[in-house]
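These features come from Swiss-Prot:
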- 24-35, L64, E85, 129-130, R147: S-adenosyl-L-methionine binding site (BINDING)
- F35: substrate binding site (BINDING)
- K53: N6-acetyllysine (MOD_RES)
Amino acid sequence: MSLDMKEHPDAEVQKNRVLTLEDWKDKWVTRHISFHQEQGHQLLKKHLDTFLKGQSGLRVFFPLCGKAVEMKWFADRGHTVVGVEISEIGIREFFAEQNLSYTEEPLAEIAGAKVFKSSSGSISLYCCSIFDLPRANIGKFDRIWDRGALVAINPGDHDRYADIILSLLRKEFQYLMAVLSYDPTKHAGPPFYVPSAELKRLFGTKCSMQCLEEVDALEERHKAWGLDYLFEKLYLLTEK
């Protein structure tokens, strides 16, 4: 069944659902991190050349990065990676699992926040809320890889999120995003259901949107949530 047939009219059902930053920190403490992909994201791997366009020395942003292994992929290719993640556990595990030495220091601009930097200087991970991140003046980016980010943001915060993302984009950017489609009356989220109409509303004025691929992503754990279908859709957003 195609995704378009499954554009659910009940997207509103999730609009008041809220997870706090503490809720997300607790997921790392209690190891409820089934969202982490140890082998990396296969659609990103498949479309990596399209995303990078053969360019070198790019700045790549990972919103809500967790311990995504893809950050190492980009750094190994000579790019500079910046991520933001609320869980210090996730950040420390990234460096440990990738065998990278790092430094950490408090961020003067944001109370309680820290920045963790690989000794090579190619990876900087900010431990704070993405909504506080603009105060750190992290600059602009050539590429953004958004997997498990927009779909993890409380639906009521979509506009704030989109404003921050758009503010981080350089000229001639490529913004690659993976979103999920399922019946939101059967699962409260996260990950949240983000219909294409919502993407257009959030990003359509500034970005051209192209769907690169749609795959059936239903796993046993999703069936346990009560879902009978789940599609993942990969979008490439570029400058209008």
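Indices start at 1 and increase along the chain as displayed.
Glycine too: its Cβ is placed from the backbone N, Cα and C atoms.
Where Swiss-Prot records a feature, it is marked here on the structure.
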residue : record                               : CB count, 10 Å
W24     : S-adenosyl-L-methionine binding site : 20
K27     : S-adenosyl-L-methionine binding site : 20
T30     : S-adenosyl-L-methionine binding site : 8
I33     : S-adenosyl-L-methionine binding site : 16
F35     : substrate binding site               : 15
K53     : N6-acetyllysine                      : 11
L64     : S-adenosyl-L-methionine binding site : 24
I130    : S-adenosyl-L-methionine binding site : 21
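A Cα-Cα distance of 32 Å separates I33 (S-adenosyl-L-methionine binding site) from the residue listed as 'N6-acetyllysine'.
Distance noted between the C-alpha atoms of the residue listed as 'N6-acetyllysine' and I130 (S-adenosyl-L-methionine binding site) is 27 Å.
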